[in-house]
Each structure stands twice: as C-alpha cells, then as structure tokens.
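**Q** To start, I am sharing the structure in question, which I have written as structure tokens.
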C-alpha cells in the first residue's frame, strides 16, 4: 500500500505541470490586452504610456516561457494575482467563496448517495419488478434532463407555486435543499444503477449463496455481506461525480444565486476578469486531481487486487 501511495503521489508532479501550463496558456491566448482591460476596469481611458507601464508590471512584455515561469513561481508562493474588477487578491476571493461551494457539493453528494443506496438496494432485491422499473425511469429522466432546466422547474413548483422553499440565496438549511437536490439528482441515478448491477453480481457469488443456505434472508445477506463488496464501482465513480458537481456548480450557483466559486467565476467571465478565471481553473483542476488520487487509494483499500505491491495495511 505504501508503494502504491508513493507512485500515485509521485504522479501528481507531471500532472500539476500540465495543468498549470494549460491553465496559463488558455488565458494568455484569449483575445484582448489584459493591460488595456485592467485600465478600463479602473475607469481610465488607456494611453500608450499607461498600457506600457501595466504590461511591464504584469510581465506581458516578456517571452511566453519566461512569463509562465514567473507566474508559476508566484503560484508556489500562494500569489494567484489580483482581480481586475474588485482589486482584491484572487486567493482571498477564492477563500471567501469556496466554503459555500464545498457546502453545496457536500450536500449534493450526500443526497445522491442516500438516494442511490436506497434505490440500488431495492432494484437489486426486486429485480425486474416495480421498484426496479421505477429506478430505471428515474435514471432515464435524470440523465436526460439538463440540470439548469431541472433547477428552474424546482424553483417554479417549490418556491413560486407551493412557496415551500426559498428560491435564491444562502441562508439556513432550507436554502440548501433546492440547489443540492438539483446538483445531486443526476449522479444519484448513476450511482443507483451502478450499485444495483454490482449487488446483482455479488448475489450470484458462492459466499452469498452460502449465506442464504445458512438461513439468512435476502435482505440480511445483502446488508451484512453484500453491500461492502459492491461499493467498489460506486467509490470509483465518486471522483468523476465530484468533478461533475464542481463543474455543475457554475450553472446551479448562478440559477440559485448561491455565493460560491461558480457564481464568482461567472461574474468574472462577464467582467473579463482574467486573473480570477485563471485562479478558478487552476484551483478546480488541482482539487479534482487530488480528489481522484484519494478515490484511487480508497478503491485500493476496498479491493487489494488493484494495488501495485506491498502489504495493503502497512
């Protein structure tokens, strides 16, 4: 296990270099002069002299490779630049908005796993019966319906018509329900089908047949002996789900006026605030990478056959 951890962590170095280079290149290749945009955001009419000064401050007059190295050195020091629009450090803005995004993502993940666990168990227990058909219909609707359309439907019915839940803003627990359910609606269906198929495969294994032969009911065999071996596919998909949710927060937070990173970057895109966009892409890419490494290690713990070598519990 220790060797596998070392290999996975060592693989982060080239990944980080590729991610930072891609993030830097994307912003550098966007149209428009950042120096001119910065001066315009300050309410000034840019003159050639002022543009030259700003370009020197931002190292825009240097070769691409040198700019990348200087920017990477700033990143290593925790300096993500300064927002053109708010004039605050980008790192400060990200730290201000990331708690709301993590709260929304965690709530959506919790909702998706609870629904998936219930539907997956029912679908496996009642294969090709009414609960299984309901699960299939739910999965079809969930993967076919765009999240923004689902969010608008939830707002219309639960906030406007029934007036049961608040539509926008971050306040108490009730404010979290609609955006979390919207964000976790589709992943719940995917996890439910994965768990259902995995449980059906486990049910046909010899150890499950032996458990049934000892007098255990199907529910007892599933809950006591079948769930844990069936979790590997679900755990593996959590990394992809987390990335989907992080990307989905951009739309969901805009619809529900949730003050997280998604809304922050949408405002930055409209304001052409390149440092904030660049910082957002970098942070999200690194978080997604680290989460997937953690998921890989968790999968190895569930399934020792995946390890590269060494004792699993060292």
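Cβ atoms here come from the backbone N, Cα and C positions, even for glycine.
TrEMBL lists these features:
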- 7-29: transmembrane segment (TRANSMEM)
- 98-299: domain 'ABC transmembrane type-1' (DOMAIN)
- 104-124: transmembrane segment (TRANSMEM)
- 136-160: transmembrane segment (TRANSMEM)
- 172-195: transmembrane segment (TRANSMEM)
- 242-261: transmembrane segment (TRANSMEM)
- 281-303: transmembrane segment (TRANSMEM)
**Q** Which of 7-29, 104-124, 172-195, 281-303 shares the most C-beta pairs under 8 angstroms with the transmembrane segment (242-261)?
**A** 172-195
**Q** Please indicate, using numbers and ranges, the residues of the same chain that are 6 or more beyond the transmembrane segment (281-303) and have a C-beta under 8 Å from a C-beta there.
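**A** For the transmembrane segment (281-303), the sequence-distant neighbours (Cβ-Cβ under 8 Å, at least 6 residues beyond its ends) are 1, 4-5, 8-9, 11-12, 15-16, 19-20, 23, 26-27, 75, 80, 94, 98, 228, 231-232, 235-236, 238-239, 242-243, 246-247, 261, 312.
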**Q** Is the transmembrane segment (172-195) close to the transmembrane segment (104-124), in the sense of at least 3 CB pairs under 8 angstroms with a sequence gap of 6 or more?
**A** yes
**Q** So what's near the transmembrane segment (7-29) in sequence-distant terms, Cβ-Cβ under 8 Å and 6+ beyond its ends?
**A** 64, 67-68, 71-72, 75, 274, 277-278, 281-282, 285-286, 289-290, 293, 296-297, 308
